[in-house]
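So that you can see what the record holds, here are the features copied from TrEMBL:
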ACT_SITE  S194  active site
ACT_SITE  D347  active site
ACT_SITE  H377  active site
DOMAIN    116-259  domain 'Alpha/beta hydrolase fold-3'
DOMAIN    320-379  domain 'Alpha/beta hydrolase fold-3'
TRANSMEM  6-27  transmembrane segment
Amino acid sequence: MEFFYALALIAGILVAFILLVLIATSYDSFKAKIPPEVDQPSKLSLYHYFYTLVEILAKTSESLGIFKEHVLIRLVCGGLPAFRDSKLFIKDLHFDGVPVRIYLPRLPSASKWRGVIFFHGGCGMYGGIRSHERVCRYIARESDSVVMSVGYRLSPECKYPAQNLDCLTAAVHFLKTAENYGVDPDRIIVCGDSVGGTFTANVCQELVNRTDIPKIRAQVMIYPFLQAMNFNLPSHQKNAFTALLSLERTVHYILKYLNKDCSLKEALLAGSHVPESVNLKYRKWINPDLIPEKFKQDYEPPLPTPCVPQVHEETKELFETRISPLLAEDAVICRLPEACIITCEHDVLRDDGLLYKKRLEDNDVKVTWYHIEEGFHGTIAFFGYSIFSFPSSSKIVDHAVNFIKGF
């Protein structure tokens, strides 16, 4: 028995030593800008250090050929199982091959329910139906709606644009069969956070010309990623080192999502993937001059960077509207449904939301905008976890619910 105790002690010391070496060699990765005005800064710091350690272990495991980086991160981001909900019927189904989970109110309704299609965040590589289980249950209960959460396929196993196609397939199926679930097909809202917000914008854009299915009534985008052309907007500079989602981590995830070489990261950050002709074409929509002055404190315009043709060729997908919905033409934007956009001050993607808000309003699309001054990217991933959650998590979900209840 003493032998096994000694063996366990040696193993523990070895593991601790390996962790210390990893932390020491990756010390810069742990550095994060956590402003005092952010929501519960001490708790956020703790989560940031934990996630960074997991990410370092994941990258090390991939470099050693043990398992891919995304495998370990998925375990952390997958969410915990939720207890039974007495107010909802919950069904797992497949819509044309796409896994979905339906949340139906147990109490009968005098009229047809509204419907909510939900696309989870997670960079297109992490998360799933379970990771946003508590958010979807809350929306269903509090807005008295039937919610459909979409379990789209994840990258890198399923290459882009499989994720967009799954979201579109599930949405079309639900629109066609809404009445089977007691849903009014004219009261269906699409909602998503982070890349789920990307899919929300893209699905709405894809469906504007469809006449064979009901029209989407409204869209809700929670701190969405909406463009990959300019990574030097004011929010990119201000929040470049913010906890959980830094600017470098954002670009790293984009490249991983698209199965691209991550060594292209510095080129993308510098803007070397954008030809001058493309920059001139889209400058009217993606430009720091379009950001309200109060969000541009200490902003420094970057020096012009010449395009590297090889980098552009390698990353041409970034200019597709499936990745960058902000680049859609006005002929599409002007036909989009009413929108709710929720942005967070301490979010590298803040300005994507602000720019899309302006584009929609310039095209006479009604926008309800909520800005969470203390919020940060990823906060609703902690929603419903009691003391482990954040006030901003609840604030964002409540804003979404109040908007949904208006339809």
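Cβ coordinates are placed from backbone N, Cα and C, and glycine is handled just like the others.
Bear in mind that TrEMBL entries carry predicted annotations, made automatically and left uncurated.
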Looking only at C-alpha atoms, tell me how far H377 (active site) is from D347 (active site), rounded to the nearest Å.
5
On the DSSP side of things, how many residues of the domain 'Alpha/beta hydrolase fold-3' (116-259) fall into helix, strand and coil, could you say?
62 helix, 27 strand, 55 coil
Neighbourhood of S194 (active site) by C-beta distance under 8 A, where only residues 6 or more apart in the same chain count:
G121, G122, C123, I222, Y223, P224, F225, L349, H377, G378
Would you mind listing, in sequence order, the residues at least six apart from D347 (active site) in the same chain with a Cβ closer than 8 Å to its Cβ?
Y223, S235, N239, T242, L245, G375, F376, H377
